[in-house]
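Novice: If you scroll down you'll find the structure; I have some questions about it.
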Amino acid sequence: MENGSRVKEFILLGLSENQGVQEICFVMFLFFYMIILAGNLLIVVTIISSQRLNSPMYFFLCYLSFVDICYSSVTAPKMIADFLVENKTISFVGCIAQLFGVHFFGCTEIFILTVMAYDRYVAICRPLHYTTLMTRCVCGQMIIGSWLGGFLHSIVQTLLTTQLPFCGPSKIDHYFCDVHPLLQLACTNTYAVGIIVVANSGMITLSCFFILVMSYVVILASLKSQTSEGRHKALSTCGSHITVVILFFGPCTFIYIRPSSNLSEDKCVAVFYTVITPMLNPLIYTLRNGEVKSAMRKLWSRRVGSENGK
């Protein structure tokens, strides 16, 4: 991928230039990334191997965990490795690939979270029609639509960025390549591109957030007519999803629906949706879900039993 500019590689300044802070961050973020991989892989394996976890909710959760692994893997390994080296460079092609991956998996996650809200709406507000509305085919189409939506969004962001000339400086005040830091390095007026970037991200984020809010408004309104036991069960299944939505949408909204003015502030906020949220998702869904915990215990007991039987 060639952009016709003189810059062939960029320098990532990272989270901090202090050597002592970088060493602490290396240990901390390596630990976080291991939790992300282990926790989300455990959820994927548990759902795939358990016959009880075959409802659409767990089908979507499986893909959400898979996307979380991919999303964090776009940025975290490079960030962790850069804590140990002085020369934190990334090629132009690698930078654009990272930009594409961040927006592809990030946008796909937004769509999957929205689909999960719709699933909870149908399950709670239209329980008699749930099996006919949320068939395996429909769920599969929703997941494909989420991947396709993420791809189209990422293509727009990537193509807009690659058309810009970069002729120096090449230092990115971030720990990964993103649209706003790259716009500030372009040696041309990027006002129009910046407006399109914000409009593209803002339209998707706000429209999905509106659907999420409306889904839960309708759900909460419908709970008034249910028994206390029914309300408790419904809220317990929705609570985990609402928590994840707040953790993910809050930082994303802060970063992408406004023109960026403070990159140092932006990169600290970005840690939440690229590392913290993917790390917390498995804990949130397993600690609040008895079926998932039960399936994990059975999976573990089967594994232990098979090893003892050898």
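For all residues, glycine too, the Cβ spot is worked out from N, Cα and C.
So TrEMBL lists these for the protein:
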{"type": "DOMAIN", "residues": "39-285", "note": "domain 'G-protein coupled receptors family 1 profile'"}
{"type": "TRANSMEM", "residues": "20-45", "note": "transmembrane segment"}
{"type": "TRANSMEM", "residues": "57-76", "note": "transmembrane segment"}
{"type": "TRANSMEM", "residues": "96-118", "note": "transmembrane segment"}
{"type": "TRANSMEM", "residues": "138-156", "note": "transmembrane segment"}
{"type": "TRANSMEM", "residues": "191-223", "note": "transmembrane segment"}
{"type": "TRANSMEM", "residues": "235-257", "note": "transmembrane segment"}
{"type": "TRANSMEM", "residues": "269-287", "note": "transmembrane segment"}
Novice: Which bits of the chain, at least 6 residues beyond where the transmembrane segment (269-287) starts or stops, bring a Cβ under 8 A of a Cβ in it?
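Specialist: Cβ under 8 Å, 6 or more out: 15, 29, 32-33, 35-36, 39-40, 42-43, 61, 64-65, 68-69, 71-72, 75-76, 102, 106, 174-176, 178, 240, 243-244, 247-248, 250-252, 254-255, 293, 296.
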Novice: Which stretch from 57-76, 96-118, 138-156, 191-223 shares the most C-beta pairs under 8 Å with the transmembrane segment (20-45)?
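Specialist: Against the transmembrane segment (20-45), the leading stretch is 57-76.
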Novice: Give the one range among 57-76, 96-118, 191-223 whose Cβ atoms make the most pairs under 8 Å with those of the transmembrane segment (138-156).
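Specialist: Maximum Cβ contact count belongs to 96-118.
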Novice: Mean pLDDT over the domain 'G-protein coupled receptors family 1 profile' (39-285): what is the value?
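Specialist: Its mean pLDDT is 87.
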